[in-house]
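Colleague: Following this message is one structure expressed as structure tokens.
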Amino acid sequence: MATLLRSVTKGLRSQSALSCLPAAAWQIAQQRFASGHSENTNTFIREALQELEYPDKLQRLLLTPQREVLVELIITKDNGEIETFNAYRVQHDDSRGPYKGGLRYHPQVDLDDVRSLASLMTWKTAVMDIPFGGAKGGIRVDPSLLSERELEKLTRKLVQAIKDVIGPHEDIPAPDMNTDGRVMSWFFDEYSKFEGFSPGVVTGKPVHLHGSHGREAATGRGTVFATRELLKHMGAGSIAQKTYVIQGFGNVGAWAAQLFHEQGGRVIAVSDAFGAISNDKGLDIPSLRKHIAAGGQLHTFTEGTAIPKETILTVPCDVLVPAAIGGVITEENAHQLDCKFVVEAANGPTTPGGDLILRERDITVLPDIYTNGGGVTVSFFEWVQNLQNFRWEEDEVNKRLDRAMTEAFASLWSVHKDKRIPLRTSAFVVALQRVTRAHIHRGFD
Ligand SMILES: NC(=O)C1=CN([C@@H]2O[C@H](COP(=O)(O)OP(=O)(O)OC[C@H]3O[C@@H](n4cnc5c(N)ncnc54)[C@H](OP(=O)(O)O)[C@@H]3O)[C@@H](O)[C@H]2O)C=CC1
Ligand SMILES: O=C(O)CCC(=O)C(=O)O
């Protein structure tokens, strides 16, 4: 262990300005045909590990999840039939604090997907410097095929199945795709039946039920703060001077669109799972949100032109914001992107092959583990408020979020400048150093 420690410490101190791009590019090229989300995530991590020169045993420790839970959930549907669903909770690393990460309800959820997302959470909480580790959970289900009552039953069954490995000081879930404050309320209620009143077991709850002001908008708001910092540091102007294209118009995409719009940015195209809409003059985002809230479909909004949803990533713009599913920017389509910046509000939207092409094309990518870190940051604020039984004003939450996004950007920008490596690798370097330091200081025995 002494040898391991010595070489790790050496790696931590190593600040040489390595111009590793050719080697890194080669390694990524080697991985081009790697399949699976977790292998994609690990490819990015390995590139940063190469910078840090960590020994193999430590690399394995950092890459491997600490616990993977697979459960089968059985519910009786409204029609009396029984149906089973696979659910997962992967706890990747808790060296810096309790495991933390969202719950996704989606038909494509599988163990490998959740494993990848759990790992991203470890690096995200470290980049944001909040005292949590990383986890993720999900149920393989198309929630649009279930009634509200069935969804509630499914959520309660999930809590019953995983209650022994979660808790306010163990593992704290939160919303992700197709889960929201309503799902978090059921989760909190079911857990409290077993363990007593426990609002801190889950974040992203409604404000009236121990949630935090600002959490619902936090990931989108954080994305806008992140974009502001990127543009400022690149000497590329302000939010107001730019055009935006956003894939995904759910919690994250719609809030990001709203806030870009409020700050004078021109959101010229958006999409969801069913369609896309564009308007070169800029979409009226508040009207679009009203149209959807009233039951309208995104692509039937009359103040824009419906376009094929497959074309959303190639619409010419300054800033492209993927805010939906993972693995959408690939080596097949990265050549066709027509933007200057990709701001990754979604988790894992770019594959290593796609990323390499964007680098070659000089398109700057602001990585997911920083860009969408506003959500978990305000989840941390919610958890703190729950532990203190206290409520902060929204203004205070937003100011603290702004500070967290600004400080996190500064830390990854400084590594980017020192080492002359891409922002994604810089973010992983910052995160790996913080997680490794925690492991070393806690000890391995
Ligand atoms: N919620 C949060 O706080 C955080 C979320 N994220 C990440 O942000 C991303 C979006 O999450 P969130 O907004 O919460 O999820 P939501 O479920 O609220 O919204 C997802 C959006 O993506 C759209 N979508 C789904 N599939 C596709 C597709 N194949 N092509 C285009 N659009 C599609 C959905 O369309 P439709 O409505 O038609 O189904 C919806 O508009 C995810 O990657 C998530 O992991 C990251 C950090 C925190
Ligand atoms: O708010 C949280 O705890 C986690 C949100 C999440 O799942 C994510 O950041 O990907």
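Keep in mind that glycine also has a Cβ here, set from the backbone N, Cα and C atoms.
Among the features that TrEMBL reports, substrate binding site is placed at K100, K124, S379. What TrEMBL records for K136 is active site, proton donor. What TrEMBL lists as site 'Important for catalysis' is D176. According to TrEMBL, the NAD(+) binding site annotation covers T219, N251.
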Colleague: Which of these recorded positions is closest to T219 (NAD(+) binding site) if you go by CA atoms: K100, K136, D176?
Modeller: D176
Colleague: So which recorded positions out of K100, K136, D176, S379 end up within 10 angstroms of N251 (NAD(+) binding site), measuring C-alpha to C-alpha?
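Modeller: Of K100, K136, D176, S379, within range: D176.
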Colleague: Same-chain residues six or more away whose CB lies under 8 A from the CB of K124 (substrate binding site)?
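Modeller: Within the chain, K124 (substrate binding site) has Cβ neighbours under 8 Å at G134, D368, I369, Y370, N372, G373, V376, A431.
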Colleague: Taking DSSP as the reference, which of helix, strand or coil describes the residue listed as 'active site, proton donor'?
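Modeller: Note: the residue listed as 'active site, proton donor' is in a strand by DSSP.
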Colleague: Go through the recorded positions D176, T219, N251 and pull out the ones with a Cβ less than 6 angstroms from some atom of ligand 2.
Modeller: D176
Colleague: Whole-number answer please: how many Å between the C-alpha atoms of the residue listed as 'active site, proton donor' and K100 (substrate binding site)?
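Modeller: So the alpha carbons of the residue listed as 'active site, proton donor' and K100 (substrate binding site) sit roughly 7 Å from each other.
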Colleague: In whole Å, how far is D176 (site 'Important for catalysis') from S379 (substrate binding site) when you measure between their Cα atoms?
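Modeller: Each residue's Cα considered, S379 (substrate binding site) and D176 (site 'Important for catalysis') end up 12 Å apart.
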Colleague: Residues with Cβ closer than 8 Å to the Cβ of K100 (substrate binding site), same chain and 6+ apart in sequence?
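Modeller: For K100 (substrate binding site), the qualifying residues are M121, T125, F132, G133, G134, A135, D171, I172, A174, V376, S379, F380.
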Colleague: For K100 (substrate binding site), name the DSSP secondary structure in the helix/strand/coil scheme.
Modeller: strand
Colleague: Which recorded positions from the set K100, K124, K136, S379 have a C-beta atom lying less than 6 Å away from ligand 1?
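Modeller: Passing the 6 Å Cβ check against ligand 1: none.
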Colleague: Tell me the coarse DSSP state (helix, strand, coil) of D176 (site 'Important for catalysis').
Modeller: coil
Colleague: Rounded to a whole number, what is the top Cα to Cα distance in Å among the residues the record ties to substrate, namely K100, K124, S379?
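Modeller: About 13 Å separates the two most distant Cα atoms.
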Colleague: So around the substrate site, K100, K124, S379 aside, which residues have their CB within 8 A of the centroid of those CB atoms?
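Modeller: Residues close to the substrate site, other than K100, K124, S379: G101, G102, M121, T125, M128, I130, F132, G134, A174, G373, G375, V376, T377, F380.
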Colleague: Mind giving me a neighbour count for N251 (NAD(+) binding site)? Other Cβ atoms within 10 Å of its Cβ, every protein chain shown.
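Modeller: Other Cβ atoms within 10 Å of N251 (NAD(+) binding site): 23.
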